[in-house]
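K.L.:
Submitted below is the structure of interest, expressed as structure tokens.
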């Protein structure tokens, strides 16, 4: 986290940090000394940083209280200067010359040139510029190189980052009691030095014994141990005063201007500067931005955890590469010795190739380890810094930096792109020694580099394979350390009756769901991979059993907008006096299926209609009036069957509150039959129904019904075995209900 707390100019911990418009931070004393030079009038820039003339000094306020610490901070970033010049800078910005130029300086750890104070050239008009005057007064961010114009208040116009100050102070206190990390004394001695490369604290005795300044340690950089500077600032840490408005020093921040993205006080709203802007309560916005930052941190935290696991994986690969490399060398030596004198000249060459392959793999893995370690350290530092920011209870200070932090966290998370946590090489050596050629071919003996071959057998992931209703989900993966590329997969399924396999999915996904299968059926599935070299072998066959009976609900996605669903989409009513249609979530093409609808409310003698329909049925009129539905509509005294607006088979006996309507769809006999309160209502309603059907219902606001599914077919209508297969869609999604799964 320490890198987050260092000024980009002086390289030291922040002192009186201010927030630039680009959301970056810089020490206030450093801000007084940095400048971006442009080719034009470059020699005049130092003069603009000179102390103001006495006449100009009276035009504005004197140096702020922070000027006293300027020398301390400027010592790390450039030469210090007097306090009078410090409040304003009159510099050429990038907008003045069309471009900005940065000249690296040895005194700046980040390549930002710190301009020394010097006399102005004779006749230079800029030497007499009044405080804050001139259109070229600007400051360039040392990190993003964006220029920011200064208003009449100069650097005092930039908000103070009080949260960062508090975190720096707390960090310094945590480092104050630095102890030697190698002492065997109790308690350990105070640390005398800290090694920048080893990241270890040593006392004087341990440093001489464990870290001498010779040999490999001669190039290590020893620094003073971290400690907390004393002074009144330490005592004042626990008594920070409430922040006041930068424009009205007697007013505390109370609101947050959404348009300007800044905290404001009551007087800012009264004077009209933010009067027409959207404002919100400071506390509410504080909590909202804290929540956003916390949510963004969750993603980075997960990636950091994956990165740590990935590093462990890479280190295991290192060990495997070493072991496999040694195994290959031993095998190679044995083969070469068996070929006696004729193979002697070739042995060294082949050993060299194995060694080069091993070194290449080791180099690739080490490079990946170093790269991943660097990104992990950056992410971890950012996480720790953000967590410290979240601990702060200063809403306005938090909101000043929250947007920038959220963006940084999101950018940090985006760095972990897909594939970043995958090894670039495997531990296996794709080298095969051909030792069978005849003796006269011995001088042509060489490694046979493994070329692209067909993919190996995919492994079905049994724990992720499942069934739900009449849908099956299958998941698979390739074996670990597979070197042959895979361009896609072919999933095959039989017809549920032991028939031939057929392709149901071809693509790159490794998780696939097949809908629209038959209920109470057993399906066999298998998968194979393919690439440009051909198709690989089949996986093992997995056996999946669909549900014995149909479980479904009303479908909110296809229902008319006036339909009102509740009770987990099992209860339906309507907000309109006109009849509206709602379908079920299941589709039937074979087999025998039965479901019931319980009448919960029945007012003013409406005519609800029950039945089946195609997926494209008209939904703004009574079920059965078009050619896409087959229904029975019923009032309190009688019922009719209806299809294509043709009314047939009037039957006495209606429904009321508490009645139950049963629907029996026998697609083996291609018939549709209705029941009311357990008794068949009229003859078989429809014959010769073929195709794919969905349960359907039409009703208005005077009726409310509840759907009951998963029911056994009535005893007097035995089920007939189903056959065939109908696949409505193939897509990737997750399932929750699992049934019996077996391997053949």
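Glycine is treated like the rest: Cβ placed from N, Cα and C.
When I checked TrEMBL for this same protein, it listed these features:
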| type | residues | note |
| --- | --- | --- |
| COMPBIAS | 53-74 | compositional bias 'Low complexity' |
| COMPBIAS | 84-95 | compositional bias 'Basic and acidic residues' |
| COMPBIAS | 96-108 | compositional bias 'Polar residues' |
| COMPBIAS | 115-138 | compositional bias 'Low complexity' |
| DOMAIN | 178-225 | domain 'B box-type' |
| DOMAIN | 240-282 | domain 'B box-type' |
| DOMAIN | 390-448 | domain 'COS' |
| DOMAIN | 455-549 | domain 'Fibronectin type-III' |
| DOMAIN | 531-716 | domain 'B30.2/SPRY' |
K.L.:
Taking every residue in the domain 'B30.2/SPRY' (531-716), what is their average pLDDT?
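P.N.:
Averaging the confidence scores along the domain 'B30.2/SPRY' (531-716) gives 91.
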K.L.:
Could you tell me how many residues in the domain 'Fibronectin type-III' (455-549) are helical, how many are strand and how many are coil under DSSP?
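P.N.:
Helix, strand and coil residues of the domain 'Fibronectin type-III' (455-549) number 3 helix, 44 strand, 48 coil.
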K.L.:
Looking only at the domain 'B box-type' (178-225), what are its DSSP counts of helix, strand and coil residues?
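P.N.:
Its residues fall into 12 helix, 10 strand, 26 coil.
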K.L.:
So how many of the residues in the domain 'B box-type' (240-282) end up helix, strand or coil by DSSP?
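P.N.:
So the counts come to 6 helix, 11 strand, 26 coil.
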